[in-house]
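Take a look at the structure set out below.
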Amino acid sequence: MAPKPPNAGGHSQSLGPGGLGTLTKRITTTHLLILSFLVHLLLLLYAEHVDTHPERYGGLKYTDVDWRVVSDGARLIFRPQEGQEAKGRLTSRLGWRIGDPYERATFRYTPLLPLFLSPTLLHPLLGKIVLTLTSLLIPPLLLSSSSPATFWPTHLLWTLNPFVLNITTRGSPEAIVCLLVVFVVYSLQRKKNTWAAVGLGLAVSWKLYPFIYVASIWTMLASRREHGWFGRDVWKFGFATAVTVGIVNGALWLIWGQPFLEHTYLYHLHRLDHRHNFSPYFYPIYLSFFPSSSSGFSPDQYSSRMQLLTTILRHPLTSFLPQITLVLLAGFVLTPVTGLEVAMFVQTATFVVFNKVCTSQYFTWFLPLLPYIIPTLAISTRKTGLLVLVWIAGQAIWLGTAYQLELRGKDVYLNVWMAGLALFGVGVWVVGEIIEGWEGGSVKPRERRRVKVD
């Protein structure tokens, strides 16, 4: 009798007769999830040690500063002081004693985040364990809608990936929006469009960037039915998404009022971040903020020579137009040819690489989409290793330069920018290689141009 094929929670594929194959076919998703959870716990304990003794580690703290911002937001919601109450109409009318997280400087998130992570008020570890459990929900969901060949790619890219483990245990809540995005793909693959629409509405309410998937999802739905771009499926999906966004954000607005709209959404439309980050835009924006001290020009010279350039650099469209153009092209052009998953990956990677603010945690946004597309790629092992190596090296060089700036106080802004430009080039190259390496699984390269769009 032939052996049964492995399932999402079952055995991985054998890698060969005996040896490693014999060992790996006994490893299951459950085993790897338990291992990952234990590693998370060890890292959380290590984080507690580093955070309480930063002087032993060159002044570095393990936990991300954003975690403290979110924790303070949760504390403000549940334990407000006088004058820190929520400013929404509903809370004012009913006299609810709910605090305003936006009283905490730099809190720019949806109130859903501190509510979700509120166990941290009982103990900091509890909130991070909630993030850990959220992150560990992603691999089973991925594997339930992928081929058995993605067993190890899924666990190596997410479950056991040191980068993901580090981001999660530092307190970055990216796993939440990643889980929602994977749920959207999972539902669309099973043609449960209403559930996918609700998931997309929740994802957009949690973090703005998933709105980019409207282009690829719209294109996919239009190709499923003879009614085309404005068929019944399209309208139903759009209506369900809009209702979800409206209900969630309407309730939040009634509780927290105008500060909710301003800091959660409007702020990001005109945000100009001159702090160092991976983005190629950070240094020109930095110079536009501090012309006399950083550019070498006097204020009068700067005003006469650079006023137009400064205006262009500070305008939100400077970074938004190339970014959104590429994202829309990927959604509308790639989806009919490569399918939804590849298009969504390219959209996400392009959005991150061309974003005006880019930090390490943003890279987790496209990682859960990689297991979907790996079976469709024809990239040699050597080239794959080269892509990964260059990507890691680019980040390592940037982080080393940023350490000199932030913790050693050296004036290396230009060096950080050059490292960011190099990483930007690496990101564009990697995305290009993935698009070039797509073969569509069973679709041969010569057959690509014969693929028809309904």
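Cβ atoms are placed via backbone N, Cα and C, with glycine included.
Nobody curates TrEMBL annotations by hand; they come from automatic prediction.
Feature annotation from TrEMBL assigns transmembrane segment to 30-47 (among others).
Listed as Cβ neighbours of the transmembrane segment (121-143) (distance under 8 Å, sequence separation of 6 or more from its ends, same chain) are residues 7-9, 29, 32-33, 36-37, 40-41, 44, 47-48, 67, 71, 74-75, 78-79, 150-151, 154-155, 158-159, 164, 168-169, 171, 173, 175-176, 178-179, 182-183, 186, 368, 371-372. Summarising the annotation, TrEMBL assigns transmembrane segment to 121-143 (among others).
Under the heading transmembrane segment, TrEMBL lists 163-188 (among others). With a threshold of 8 Å between CB atoms, the same-chain residues lying at least 6 positions outside the transmembrane segment (163-188) that come near it are 36, 39-40, 43-44, 47, 62-64, 66-67, 70, 113, 116-117, 127-128, 131-132, 134-135, 137-138, 141-142, 144-145, 157, 195-196, 199-200, 202-203, 206-207, 209-210, 213, 217, 220, 340-341, 344, 360-365, 367-369, 372.
What TrEMBL records for 194-222 (among others) is transmembrane segment. Within the chain, the transmembrane segment (194-222) has long-range Cβ neighbours (under 8 A, six or more residues past its boundaries) at 110, 112-113, 176-177, 180-181, 183-185, 187-188, 228-229, 231, 233-234, 236-245, 248-249, 265, 268, 324, 327-328, 330-332, 334-336, 339-340, 343-344, 347-348, 351, 365.
Per TrEMBL, the feature transmembrane segment maps to 234-256 (among others).
Sequence annotations record features per position, and here TrEMBL assigns transmembrane segment to 320-342 (among others). Within its own chain, the transmembrane segment (320-342) has Cβ neighbours under 8 Å at 185, 188, 212-220, 223, 350-351, 354-356, 369, 372-373, 376, 435, 438, 440, 448, 451, 453, counting only residues six or more beyond its boundaries.
Under the heading transmembrane segment, TrEMBL lists 362-379 (among others).
The transmembrane segment feature in TrEMBL is assigned to 386-405 (among others). Within the chain carrying the transmembrane segment (386-405), a Cβ under 8 angstroms from the stretch's Cβ atoms is held by residues 276, 278, 360, 379, 411-413, 415-416, 419-420, 422-423, 426-427, 429-430, 433, all 6 or more beyond its ends.
The transmembrane segment annotation in TrEMBL covers 417-438 (among others).
Under 8 Å from some Cβ of the transmembrane segment (362-379) lie the Cβ atoms of residues 138, 142-143, 146-147, 149-150, 153-154, 157-158, 161, 163-164, 167, 172, 174-175, 177-178, 181-182, 185, 209, 338-339, 341-342, 344-345, 348-349, 351-352, 355, 387, 433-434, 437-441, 445, all in the same chain and six or more residues away from its ends. Within its own chain, the transmembrane segment (30-47) has Cβ neighbours under 8 Å at 9, 62-63, 125, 128-129, 132, 135-136, 139-140, 155, 159-160, 165-166, 168-170, counting only residues six or more beyond its boundaries. Under 8 Å from some Cβ of the transmembrane segment (234-256) lie the Cβ atoms of residues 86-91, 96, 98, 100-102, 110-112, 193-194, 196-198, 200-202, 204-205, 217-218, 221-222, 227, 264, all in the same chain and six or more residues away from its ends.
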